[in-house]
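Feature annotation from Swiss-Prot assigns topological domain 'Cytoplasmic' to 1-30; the stated evidence is sequence analysis. Positions annotated as transmembrane segment by Swiss-Prot: 31-50. What Swiss-Prot lists as topological domain 'Extracellular' is 51-317, and the listing cites sequence analysis. Swiss-Prot lists 93-186 with the feature domain 'BRICHOS', giving sequence analysis as the kind of evidence. Residues or ranges marked as N-linked glycosylation site in Swiss-Prot (evidence: sequence analysis): 94, 180. What Swiss-Prot lists as disulfide bond is 120-178. Annotation comment: Swiss-Prot describes 239 as phosphoserine, evidence class similarity to another entry.
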């Protein structure tokens, strides 16, 4: 009977050791489960957040057809937007008159391909669509319209030598279209826009080509009028008070102020004034809307003096 207590004590120690060991294992399993649960919850939150808040690139290609009238003719422009490659392709004309304009916002280049010329012209462009802020000052429509030059006229002159190394267009859509034709760099050149001639004097009107294709083929014709304008500009430096005018108000003719306010003619002007504004083509392209295709079109009109219209009706001009 005296040997039983030691044996019982050894059995108790063994049981206590096994219990402590099992408790440690359970505690470790609980800690591992908690860590894995936190990691799984974090991954779920990150996946959900990236799906809902991260801008997903659309794999869809957008096509659009735009119809407009130019010089009385109905024309169409086909636009294709590929968000994956960040390119825009504009197609206009048919046959030899077809023109393709590719805007590569990923690499920062623009390619213009003329099917009739079998040539491709490359120029650099921005890689990010600019954000246009609203104008700070509002234009009062009732104010008198003065001579306004909206912007300096720019022509794109091609380089004399073609592009030999085309590695910079390796991953561009431009190279797919212009791979088998000659490619040239084109650079902007400013043209000094002349002041309008006094319509009381004799003068010739200057006609500039309206299409980019004609401007490329007729670069010399674009430069000649600029030289002529600079030579004759010194003859128009007289002030408004020194210009001759046929004032028919002395004969009892009164002009309605609404003619001036609505832009039909200018009552107090002594020369024709040009008013220009930019019109954007609503092609539903990238933001901001409307999308300005080729920077928009500049539409100008000339506001003549009211006395000039009277003189014209009397046959004096």
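Glycine residues also receive a Cβ, built from the backbone N, Cα and C atoms like all the rest.
The average pLDDT for the topological domain 'Extracellular' (51-317) in the predicted structure is 69. Separating the Cα atoms of residue 120 (disulfide bond) and residue 94 (N-linked glycosylation site) is a whole-number distance of 17 Å. For the recorded site, residue 120 (disulfide bond), the DSSP three-state label reads strand. Secondary structure at residue 178 (disulfide bond), as computed by DSSP, is helix. The most crowded of the glycosylation sites listed here (94, 180) is 94, judged by how many other CB atoms sit within 10 Å of its own CB. Around the Cβ of residue 120 (disulfide bond), the number of neighbouring Cβ atoms within 10 Å comes to 24. Residue 94 (N-linked glycosylation site) carries neither a helix nor a strand DSSP state and counts as coil.
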